[in-house]
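Let me begin by presenting the structure, written as structure tokens, before commenting on it.
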Amino acid sequence: MPNTTTTTIQFTQPPPTSLTTTNTTSTTTPTTNTTSTSEPTTSTTSTTEPTTSTTSTTEPTTNTASPTEPTSTTSPIEPTNTASPIEPTSPTEPTSTASPTEPTSTTSPTEPTTTASPTEPTTTASPIEPTSTTSPTEPTSTASPTEPTSTTSPTEPTSTTSTTEPTTSTTLARITITMDVEFKEEYNQEANDFHRTVSNIIRDEGTNQRAETKLIDFRRGSTIAQYEVKAPPSNTPVIQTIKLKISNNLAKLYPVIFDASDSLMFWPNDEFYEQTVTVTCGPPPVDIYFGTVSAAEWRRNMDLISEDEEHRISVKNGISNLTVSRFISSDDGVYECRLMRTHDKAFFRQKSATSFSLKTKPTITVSPIRQYVKCSGGIVALKCSVSGGYQVEFPDIPGAGTGNLISYNYATPQGCEQGEKTLLCQLKNKPLFTNTITLELSSHNAVCKSDTFGQGYIGYKAAVPCSQPNKVGEITAVCKESTKFEDVEDNCILLPVQELLDQSRFLTATTLPVFLEQLRNVIVNFTDEVIKSSANIKAIVKILTNVANILSSSNIPISRDSMENVLKTAGVLTINGTTWNFLNIDTKNNSNNTDVKSVSSSLLKSLETITSHLVNKTFDIKTEFIQLNRTTFTDTFNAEFNSSVTIKIPESNGDNKTITMIVFNSLDNVLPARDEANSLLNSINGRVVLVQSSGQINNISFTFDILNDTLGNPECVFWNFSLFDGLGGWDGKGCELVLNLNETETVTCNCNHLTSFSILMSPNSPKKLYLDIITYIGVGISMGSLVICLIIEGLIWRKIRNNETSYLRHVAIVNIAISLLIANIWFIIGAAISDAEVKNPPACTAATFFIHFFYLALFFWMLASAMLLLYRTTNVFGGGLSKASMLAIGFFLGYGAPLIIATVTIAATAPDNGYIRENTICWLNWDKSKALLAFVIPALSIVVINLIILVVVLYKIIRRRVGTTAAQAEERHVLVVIAKSLAVLTPFFGITWGLGAGILADPTNEGIHIAFAFFNSLQGFFILVFGTLLDGKVRSAIASWSQPSRSRTGSTSAGNSTSIQLPFLGNWRRGRDGYHMTSSASTDFHSASNT
């Protein structure tokens, strides 16, 4: 254990003096060897020269004289107890014997062994093990048993008497005592108070027992007690007495530990999780004289276990029981019990041998889960399987057998009644674990049929098991009037997540820290599966909600490590790409479903609750997606977090307060931008910040960095959990906008309360005044020009109908003008819908559809004009299509193709909420579905096609000579006018919408925004000038209409045709208007330049 100090003490005491006599004169030298760990030994060998003898560890021997000559033999001392199985040899079994004819005196190579009796430990984990004076394998000196050291002739017997000097031997023992005291290096300094106290207790107790005791050192940790003893066995009781008294005296001041020699007992030890488990500790052994047990402490993995609803502790007769009513995986670990003594600080400690855990509950899967069956004659294939190598059975269907996977074709009985039939599948011999199959019996014929969901009538909801083995739950579908199973809902959850969800209902202060660590590991390891499954997200949010509820009901403090695990878990749920968009859309469509609609709001609520139970300490936690800071302040507070949010508290009442701030990097992926009007068209355009304080704060200031600088109209908001009957939404009450600095791209808000804050911004382009001026003035000019264009076309319509090509050209110009005018009107309507306080998504969708349709019609009518030009230029010999056919083709191309594109676009993207830009304006979505490409690609493609047609037409006109007839000249004039119009309008529209594509590539470039707004707003003006007024025949018709007194033929003269022209159009006409060609030798190109 980390916080213990080990003390080593040494005992020394002199033993009685002994006298040994042998048949050999010798001077004995007392020898003590201390290398063995088995038993202490004192050995003396008599030889003619002083030697050092090593006693064998297998058997002590004696010297035996020849039968013809008596010999003095030292009797062996039989050991009282040994650590190793030593068997002393009988003194009547000599190791060396002289021949009967040659008596020999032989020195025994070994001497008898003396062993100290072991003593039972009183303060440490293991008993005292005495040490031996000899090495068990390597003797230092041994006399050969076959070669005697001295031999006496049989005819002249010799007797030698030896007198040995008194020998003094000592017993040396080393003992360790473990105390539950945090170790410090200075304890080994003699001047240290702790050192002196322990040293004095050890020395004084040795003096009282007439022994020398000495403190050696202190060291970390707990060790097995070790002794070194060199003394007769009569000294063992004294050592044991000293050891017991020192331990008891130290226990009066410090917690001395008595360790058990056996392990804790668990019952049962081979069951499943969520079963009741009892752990038994004690009683302490009698020979350590522990005394009365007053209390018990239990630990798991060194963490103290507190009594709660799931953990009960009892103490009786020196025995303590820990009862875990529902043993879950968070209860796994190494257990330790401490029995506390009544009169001092000593305790008896007992541990589990290894980490204890139970078995995971078996998972039983059935198929189908719920299915329709025809009442008479219906057959259903039933399946049941189990994990973990167990066996299952259908108790009501004996014929199905048993096994880890069983199947049975169930036939409904004849004449059965309509209703539900439940079939049970259970674990064999363990009915505690079951799963059920529900069959809905009906006499009606099935409407829907599916290989996956079986059969069903309209409105029937079928359920099948998950297809992946590591998931549990069900997949449901509803039989619809289309005769198909639709509304498929995947409720499959990862098995580890489901297990944690089940366990989260039984959490306590003891199991909570381990549980949160397990939750973090599962979520991090299965990140990809979690973020792509709404069922997993809802399960994890439910787990966090359960944790928050337990913290509140039991008032459990949450540590820094546990909070970090919570933040890492929640951070995974905020990763961009999760299914929160689907959940929030489902929220709007299922507002009556509390479980669905409150998922995102429940996540934020659970985090607020968990944060409010943090321990009263200051710390920082930084994870990949969430940062937390907890600090204290007195008067004012000012800090910046994550380089994106600055929080300032200008004043408080002067008390010392603790403030906790959590900054979410991507919570905008979780919380919908739903405001008080229940609109999702706004955008969360700043970090979401959660702020809590231990005291009252009446004024707090936030400065947010703007995430998207293309948005405008910032609004300071907080998340109100009570809006929309618990749905939750952003509310601006109590918060106000203080400063909006476009230059620094920051927004400052003041609020008079604390909760979760952010900023909402409206769906607009960059909020620049000059862009608004350019846009609205340009659109006004454009719409005015288009109205004038249509009026002119109406006035001169009768005059331009004679020539078929001219007629078709003016039909195209009129429809181009009408398309752009209606598109601009819908653009203004869409802008009004976007700026309205109460948002209307259906109206915004309608506006977007018509804007898309009429802008496309503009481009396709330009394509029709280009196709007319190409057709008339290449069809030299006349004939071909009639005017009616060409009109039909023009209208199909001008309106039919745009209608098809616009309809397909809304049908493909609107169901997934990807049609309009909820975070910008009423226009095609770009960020989510790229629906804007349905306009950009056709428009720019038409621009390219028109430019190619212009090149081909100009080449044809240059190579062709001017015709001789007036009809040919007029036809050629019309073609040149069309070419001129397209030559100007096509590049103009191409540049305009090319700039629009540039905005997509670089939305922050103000220069592109200005150019696009300018060109886009002047499209109507360019159509008037280059589509209508560019035609000299149109100008002549206007002049003829404005001067009715003149001759109608005056339109063919140069003077009359130019007298009413606008000044800036004068350069477009030189000489005649071009209808009467005067130079048949000139080229078409030259004629065109004079037109």
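The first residue you see is number 1, and the count goes up from there.
Even glycines carry a Cβ here, placed using N, Cα and C.
TrEMBL has this to say about the protein:
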| type | residues | note |
| --- | --- | --- |
| DOMAIN | 255-354 | domain 'Ig-like' |
| DOMAIN | 617-767 | domain 'GAIN-B' |
| DOMAIN | 771-1031 | domain 'G-protein coupled receptors family 2 profile 2' |
| REGION | 1-170 | region 'Disordered' |
| TRANSMEM | 773-795 | transmembrane segment |
| TRANSMEM | 807-829 | transmembrane segment |
| TRANSMEM | 849-871 | transmembrane segment |
| TRANSMEM | 892-911 | transmembrane segment |
| TRANSMEM | 931-955 | transmembrane segment |
| TRANSMEM | 975-1001 | transmembrane segment |
| TRANSMEM | 1007-1030 | transmembrane segment |
Ranking 773-795, 807-829, 849-871, 892-911 by the number of C-beta pairs under 8 Å to the transmembrane segment (931-955), which range is first? 849-871
Quick test of the contact rule: Cβ under 8 Å, at least six residues beyond the ends. What residues does that give for the transmembrane segment (773-795)? 810, 813-814, 817-818, 820-821, 824-825, 827-828, 1010, 1013-1014, 1016-1021, 1023-1025, 1027-1029, 1034, 1037-1038, 1041
Given the model, what does the mean pLDDT over the domain 'G-protein coupled receptors family 2 profile 2' (771-1031) come out as? 80
By DSSP, what is the split of the domain 'Ig-like' (255-354) into helix, strand and coil residues? 6 helix, 53 strand, 41 coil
